[in-house]
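Copied over from TrEMBL, here are the features:
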ACT_SITE  CYS117  active site, proton donor
BINDING   LYS22, ASN23  phosphoenolpyruvate binding site
BINDING   ARG93, ARG122, PRO123, ILE124, ASP125, LEU126, ASP309, VAL331  UDP-N-acetyl-alpha-D-glucosamine binding site
COMPBIAS  451-461  compositional bias 'Polar residues'
DOMAIN    7-410  domain 'Enolpyruvate transferase'
MOD_RES   CYS117  2-(S-cysteinyl)pyruvic acid O-phosphothioketal
REGION    438-461  region 'Disordered'
Amino acid sequence: MDMFVIRGGTPLAGTVTINGAKNAALPIMAAALASSGPSVLQDVPDLVDVRTLCKLLSELGMNVNRDASGDLRLEVVDDRPHAADYELVRTMRASVCVLGPLLARRGRACISLPGGCNIGDRPIDLHLKGLAALGADIRVERGYVIAEAGRLRGARIYLGGPFGSTVTGTCNIMVAAALARGKTTIESAACEPEVVDLGNYLNNMGARISGLGTPFLEIDGVEELTGTTHRIVPDRIEAATLMIAAAVTNGDVELKNVRSQHLTAVLEKLSEIGVKIANVGENRLRITTSGELRAADCIALPYPGIPTDVQAQLMSLLACTPGISVITDKVFPDRFMHAAELARMGAMIRREGPSAIINGAGQLSGAAVMASDLRASAALVIAGLSAQGDSAIRRIYHLDRGYERLERKLRQLGAHIERVEDRADTFPHSLRLDQPQTAAELTGPHWSHPIANTTSQKRSA
Ligand code: EPZ
């Protein structure tokens, strides 16, 4: 198992390019199951979740491979398989995205119910309600969803839930309706850019979907979807993560391949906190700070609000920002596992129901911390970059699910971060209780001596 070892205090500087979005790539790859011809997907990030889905799609009769240019080629070669087993689905909730395409194209699907996870309950009742409305016969048995259908038929579907719409639920229903007989309307559809990207992919394959990006979708079913070539939309969450890393280190960072129109709420909030964001060219943003950051309140909401997937990262920034800030997550009210780990670094955070009250007293101090989920891992990396001294962030397999070698990008920006095997002899000397941090270790942003004897164990990042 790997961990990150970080020495904080270095302002990030330089330029990095944002990858294609994980949360667009996954439903789009799954939607290829509904196509009768091959697709080529460009800018699909090389992530653990993408590899997990490639494995699942192969088991479902699809040839999936990356060509020399890095493009992902997908083609259905056997449309008889219809079951996604527990072992794969339990590691990745997004596997549920194969439900709609399998039903639409093969008339049946057997998918393990995704378990819960560290960010809260992850029900799929809205997915099942929508598919049933399209004419599917849905049963839940022994932890599996068993769905069967003849030709699906268009329906009027309301996808609003207690926490707003459902992103992957909208994806599932959109794909299923694209091949249904007749017209489907989806009210309270998710408006996230990743859902729009899936809709554009489907329309390029011959689907007839209108209203993309609004809560009201109209889908005229067609007989067939053919293959196409599609470039995945840039990852707004990765972009926001790197912006916050730049801000928290008082850095000067330029991001390429950023759609600022997908980040309006985040850019507004960062400006309110005192981060300077400048458009410096097509799809390029420059992030700097004027030094003085200000506390702010943040509410995570469905798009176009502040994404819940950026909430943890903002908490790390506000934990180092003088003043009292309040973060509320209206999408996943329990998504605060990162707060306790940030507290180990000196953050002062108090939970109050769906909110966290942060007293950003200033400097965090390095510590050994444990990642609990994908975006919490990113928050801990950000905190480690800003903290005084060394940090060890364990269980970064969570991070690898959604970021492609994040440490490589951060190192490119000057960060002192290394990926090492999580072993006693790679654990930073400065974090060992029996070896209190020396003044040099506490003050030195210089990489003056190995923080762990990582030379031998250092993983090639
Ligand atoms: C997608 O998850 C993203 N994952 C999540 O990103 C993201 O946090 C989430 O949308 C919200 O934006 C992918 O796209 C692969 P939801 P999803 O269905 O679709 C409730 C990351 O870090 N709900 O939009 O599973 C649900 O409990 C991941 O990249 C129901 O009640 O989320 C939640 O409170 C984490 N019934 C809210 O709706 C349902 O049938 C939003 O869930 C479905 C959801």
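Each Cβ is built from the backbone N, Cα and C atoms, and glycine gets one as well.
Here the Cα atom of ASP125 (UDP-N-acetyl-alpha-D-glucosamine binding site) is found 16 Å from that of the residue listed as 'active site, proton donor'. It is 19 Å from the Cα atom of VAL331 (UDP-N-acetyl-alpha-D-glucosamine binding site) to that of LYS22 (phosphoenolpyruvate binding site).
In the predicted model, residues of the domain 'Enolpyruvate transferase' (7-410) average a pLDDT of 96. Proximity to CYS117 (active site, proton donor), defined by a C-alpha to C-alpha distance within 10 angstroms, is shown by the following binding-site residues from LYS22, ARG93, ILE124, LEU126, ASP309: ARG93. Proximity to ligand 1 at the level of Cβ atoms, with a cut-off under 6 angstroms, picks out ASN23, ASP309 from the recorded positions ASN23, CYS117, ASP309. Counting other Cβ atoms within 10 Å of each Cβ, the binding-site residues LYS22, ARG122 show the lowest value at ARG122. Spacing of ARG93 (UDP-N-acetyl-alpha-D-glucosamine binding site) relative to LYS22 (phosphoenolpyruvate binding site) is 13 Å (Cα to Cα, whole number). Local packing around the binding-site residues ASP125, ASP309 was summarised as the count of other Cβ atoms within 10 Å of each Cβ; on this measure the leading residue is ASP309. For LEU126 (UDP-N-acetyl-alpha-D-glucosamine binding site), the same-chain residues that are 6 or more apart in sequence and have a Cβ closer than 8 Å to its Cβ are LEU159, GLY161, SER165, THR166, GLY169.
When the Cα atoms are compared, LYS22 (phosphoenolpyruvate binding site) and ILE124 (UDP-N-acetyl-alpha-D-glucosamine binding site) turn out to be 20 Å apart. ARG122 (UDP-N-acetyl-alpha-D-glucosamine binding site) carries neither a helix nor a strand DSSP state and counts as coil. The secondary structure of ASN23 (phosphoenolpyruvate binding site), as reduced to three states from DSSP, is helical. Across the annotated binding residues for UDP-N-acetyl-alpha-D-glucosamine (ARG93, ARG122, PRO123, ILE124, ASP125, LEU126, ASP309, VAL331), the two most widely spaced Cα atoms sit 22 Å apart.
A simple way to gauge crowding: the CB of ARG93 (UDP-N-acetyl-alpha-D-glucosamine binding site) has 18 other CB atoms within 10 angstroms, across all the protein chains here.
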